[in-house]
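Asker: Before I ask anything, here is the structure I am working with.
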Amino acid sequence: MAGVNGEKLKRLRAWVQNYEWGRSGAEAEVARLLALNTGAEIEPNKPYAEFWMGTHESGPNVLVEEEGEEEEEEKEQQDVGLKEWIEKNPKVLGHKVLEKWGSDLPFLFKVLSVGKALSIQAHPDKELAKELHKMKPNLYKDANHKPEMALAITEFRALCGFITLQELKEVLEDVPEIVELVGTASAKQVMDIDERGGDTADKAKTALRSVFTQLMSASKEMTTKAISKLKSRLLLQSQLEKQYPGDIGVSSAFFFNYVKLKPGEALYLAANEPHAYLSGDCVECMATSDNVVRAGLTPKHRDIQTLCSMLTYNRGYPEILSGLALSPYITRYLPPFDEFEVDRCVLPKGSSVVFPAVPGPSIFLAFVGEGTMKTGCWEGIVTEGDVVFEPANTELVITAATSELQLYRAGINSRFFHGP
């Protein structure tokens, strides 16, 4: 069937961010996708960090007209942005999405190519995002929260969330340089917590907040001295120090869980939880926002006071998502956020799969291979690098051609429409 208005699928020209932590030239999946999607030439020494699919004003997508669709006089007109087109055709979002989020996509879909660690950071919840945007609009450019999920394409490494109380005690026992930075009083506060006590959780949270804030607030001189000692004997810290010499983020890595995702595994990151991506390529989806509070491993603005005050200080290893098999070909990743879900589709050559009509919009990325997409009123060839917007209430049939076809889809979380 076609969309509610007989809308066709719309091909998109995506946007790339060249942040300095990206992978260089042809090493980056982001660069490969950019070249395929836009025809841009890859510069070998340029970092390619993020491939954006969506309507965020920092990286807007534009519609690519199909051959024969436009009238001659329209060819002279400038590109039509996806956001502008949705605002003129709001029914493509579906009434429930329109009612909740207005005439804009509530999610931002990305591919990341991480060449070196990117900042120790957290994303504010909605209340804090509004406050930060009001106080510092030049730094916090929107008032939305930014829960997000990373789905590994290659082996993907990250720091995520705080370690357990027992692990923290072991760090303070085994790494004297950390005690130098946080002070013996803060370290003793952690070491003295009795894990059998009834109020252990509250005490641990308070002590962790104190010791982490002390660490992140250490002077540059103390930090450089401590890291110089650390890097001589610890591999991860040594690697980070090469990337960010004398950065307090090198020491703070001890406080976080070290996570390695295999391709097809995902990690979701709630508001006010600390994390830092270290290396690899991933698909990422998030609420439409670019709000980041940074505190280390970055040349960008740091807001240590805000970060240390906003964190939940929850402890323990994060949940790794393997996805839910919807069919032999489709795996769905459902985070606990209304704004988005992600599907990974791997189609063997010659096979077909149906994506049933859903009440919200979707964006598809053809990652590897070639095939066809067909709705009730549209059929087209898709090849790797193609990005396609699908209106709400559109059933889509995808068929792989002469080789395997890999696609990723981002859409509104199914639970938003149907409940848990």
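Each residue, glycine too, has its Cβ placed from N, Cα and C.
On a predicted model such as this, the values are computed, not experimentally measured, just so you know.
Relevant sequence annotations retrieved from TrEMBL are reproduced here:
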DOMAIN    10-162  domain 'Phosphomannose isomerase type I catalytic'
BINDING   Q121, H123, E148, H275  Zn(2+) binding site
DOMAIN    196-255  domain 'Phosphomannose isomerase type I helical insertion'
ACT_SITE  R294  active site
Asker: Taking the Cβ of each of the recorded positions and counting other Cβ atoms inside 10 Å, which one has the highest number: H123, H275, R294?
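Answerer: Compared across H123, H275, R294, the most Cβ atoms within 10 Å surround H123.
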Asker: According to DSSP, how is the domain 'Phosphomannose isomerase type I helical insertion' (196-255) divided among helix, strand and coil residues?
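Answerer: So the domain 'Phosphomannose isomerase type I helical insertion' (196-255) is made up of 46 helix, 0 strand, 14 coil.
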Asker: Within 10 angstroms of the C-beta of E148 (Zn(2+) binding site), what count of other C-beta atoms is obtained when all protein chains are considered?
Answerer: 24
Asker: Across the domain 'Phosphomannose isomerase type I catalytic' (10-162), what is the average pLDDT of the model, as a whole number?
Answerer: 91
Asker: Would you kindly give the Cα-Cα distance separating H275 (Zn(2+) binding site) and R294 (active site), rounded to the nearest Å?
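Answerer: One finds 10 Å between the Cα atoms of these residues.
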Asker: List the other residues in this chain whose Cβ sits within 8 Å of the Cβ centroid of the Zn(2+) site residues Q121, H123, E148, H275, in sequence order.
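Answerer: My list of surrounding residues reads A122, K146, L269, E273, P274, V292.
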Asker: Relative to the Cβ of Q121 (Zn(2+) binding site), which residues of the same chain, six or more apart in sequence, are found under 8 Å away?
Answerer: P274, H275, A276, V292, V293, R294, A295, T298, L307
